[in-house]
Amino acid sequence: MTTDNHQNDSVLDQQSGERTIDESNSISDENNVDNKREDVNVTSPTKSVSCISQAENGVASRTDESTITGSATDAETGDDDDDDDDDDDEDEDDEDEPPLLKYTRISQLPKNFFQRDSISSCLFGDTFFAFGTHSGILHLTTCAFEPIKTIKCHRSSILCINTDGKYFATGSIDGTVIIGSMDDPQNITQYDFKRPINSVALHSNFQASRMFVSGGMAGDVVLSQRNWLGNRIDIVLNKKKKKKTRKDDLSSDMKGPIMGIYTMGDLILWMDDDGITFCDVPTRSQLLNIPFPSRIFNVQDVRPDLFRPHVHFLESDRVVIGWGSNIWLFKVSFTKDSNSIKSGDSNSQSNNMSHFNPTTNIGSLLSSAASSFRGTPDKKVELECHFTVSMLITGLASFKDDQLLCLGFDIDIEEEATIDEDMKEGKNFSKRPENLLAKGNAPELKIVDLFNGDEIYNDEVIMKNYEKLSINDYHLGKHIDKTTPEYYLISSNDAIRVQELSLKDHFDWFMERKQYYKAWKIGKYVIGSEERFSIGLKFLNSLVTKKDWGTLVDHLNIIFEETLNSLDSNSYDVTQNVLKEWADIIEILITSGNIVEIAPLIPKKPALRKSVYDDVLHYFLANDMINKFHEYITKWDLKLFSVEDFEEELETRIEAASEPTASSKEEGSNITYRTELVHLYLKENKYTKAIPHLLKAKDLRALTIIKIQNLLPQYLDQIVDIILLPYKGEISHISKLSIFEIQTIFNKPIDLLFENRHTISVARIYEIFEHDCPKSFKKILFCYLIKFLDTDDSFMISPYENQLIELYSEYDRQSLLPFLQKHNNYNVESAIEVCSSKLGLYNELIYLWGKIGETKKALSLIIDELKNPQLAIDFVKNWGDSELWEFMINYSLDKPNFTKAILTCSDETSEIYLKVIRGMSDDLQIDNLQDIIKHIVQENSLSLEVRDNILVIINDETKKFANEFLKIRSQGKLFQVDESDIEINDDLNGVL
């Protein structure tokens, strides 16, 4: 197999350099044997595990484990200073809100874990954790930090750890890579690369592929696998190229060290002096290169190898990289599914190894023929965002809601800005890149926004011996236990668990600081309803003690209502206790004079004891706050307060108060008390008690109640008050109102009287109007009586038709004649007398005279009073009396208008015309008499001619029909006789 021409030794047969750990757990190096070679030690867990107790919160911890929360955290164990503890307590008491994170020292590890050696690398996998030390020892533990085994892997510091779940791999400064099995401690293999290894990654299915990727100080990204003969084949994926050094700009064959190698599917990304490089393995094409910024915090020419890059895979296609003070977010566009791998530092995920297929992906790399036919990459890498943070990053992990948790060392931005200004002014400042290692500074944890780097939260963490540590001595890892993520802050000789505060932690934090309301709010999710209520009660009682009535009013109902809603329906005793406490606090507020503020918050359901509601209403009534009194007797159910007591009190106040005018609206007057009393009576359906007050208050609701409840018979003595309810003026002015106004204003009372016609007779109502009502009520009586007209009950007013005629003659003359024509149960003579006494009732008199046969009197009235010839003629025609014609002619001969009207009447016989003409006096002046007579003659001639023609027609038709009749009579008839008829005739003749 051939590789790049510039590196002819990139493919090596390393079989001679590969060392296998035998069953005696010793390492044999055939090429480089150290005189002080150490055997690989596998320590039993029982030898390195100290006594461990289970904490109450479910996290395994030692009895001396310390928990630290706050913004300035001291996580050191052992000799804690009492004064420092007191200061911390005071600082925490000053805080209003709990910290976002809590810190717990991890003490499950062996006692000598940090004492004899210091940690150089970490791995937090899904099923186990691994810790490498500077002496080359690898500690494997469970996710609860219970030791699994300890292995002596290397002769010097372990710089990286990786796993595929079944196998683990470590890389060391000593230039070796150790790969071992988690199941078989004796199955350990060593690979010697002769140069320090900074990063190593196993294939996701290493057991089958035996493939891994590594890189280090040699500057090569090496893919190692076994060929078909079983020999190890190393393939350098990055070409060796000339580079310019920063000192002399001279070309050099030296490549910068590989600081980290990570893979996503069949993509590999690595970090070196050239920055961040993404490479597609099948095509060996570089997809993207992002140079490492040469300036960090005003320090020029910063070497990338001073800082370890830290990579975290957010999703299968998104990766975030933190390096120095820079953070990049990349997105990879995949065209097919593939498993991800990654390797390197403490935040690497164990199961993200590249999904290489040894027979396809790598085959293209091994075949020289295939290498000349490299395809086009089927994926791309995009930089989504890039920003810098004010810290040197030594670890990062995803947090919640598109946030990043970053471990590092803070940089004073103000100081750096000052330096920038001084540099602009020409002042000479020199900072060496090595100073950025921040040795002796305490590390910080920051939560920043993933897309813009905005700082959200900041904590400084004081770890053991931090004064002696630098940036590369810290590690940050993440592990998700079921659903709760945990973060681990590891230094060379200390380990701290970092967790987001749970609801229970928040609850305890608030309780310690007596912030009962906040504890009560969170308690909904962490404690029972009864215990939570006791905390809420503590908060309310504390407000009572402080006399903070405003806050008490604001929170009172919130606590009690939520408590009642959360209680079980069977918790009767607890519910009653809650209601009792609720009532007690409300009564305290009432006593303190905060009734107006607390009244709207007093619950209607569930109901408290009656005394609470009574106290509020008594207060409003005693202080003449009638509007408030009305508001709450309207809002509250009658069962909540002592209704009868308030009814009695209002009755007493009404009796004691002076009777105000109808227009009085002042609170405290008896009309206001009466309104509230009526309201209570009506809510209790005590209508008989409410109506007298409604009548006095002239409240129209009385009409509705009397109508619906059919109570009018009980209040006949107050019929005048009932009728006058809708009327606001003086009684004497009623007579001045028109019938229309009467019907409009008194519509409801009249309807009420009419609807009770079957229970209260018309006679009774008429009697009341005649004897008990003012004379001005006659119009109302008239409107009441005519209400019966055109109804099925019109017979009820038959006895009062004479009275109606008189009322019609006074108030509605236009309707009198139709009434006379339609009804017959009145005394005609009395009606004639009434109509005769009233001027202008001529039509009515004419009708009445005609009704009794006095047609001549009626006709005389028409002629003398109405002077209406046409009406007189129509009157005579309707009666059809010839004598009446004679009377009209004789009575009208001296009246030209009437004479002319009779002569122009075209439907009468000529005899009338002759009588009129003959009876006319010679001096009678009639307009157009000649034309009238001429017209009469023409009409008569025409009539005669028409009659003659009709006679001829009739005679002709008569003759025709007579001749036909005679002809028919003179003709014989033909009869058909059957044989049966002949036989019958013969028999009859024989008999005869």
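A Cβ is built for glycine as well, from the same backbone N, Cα and C atoms used for every other residue.
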Feature phosphoserine, as given in Swiss-Prot - residue among Ser53, Ser285, Ser470, Ser658: Ser53
In Swiss-Prot, the member of Ser10, Ser26, Ser338 to which phosphoserine is assigned: Ser26
Secondary structure content, the repeat 'WD 2' (153-192) (per DSSP, counts of residues): 0 helix, 23 strand, 17 coil
Model confidence over the repeat 'WD 5' (324-366), averaged pLDDT: 54
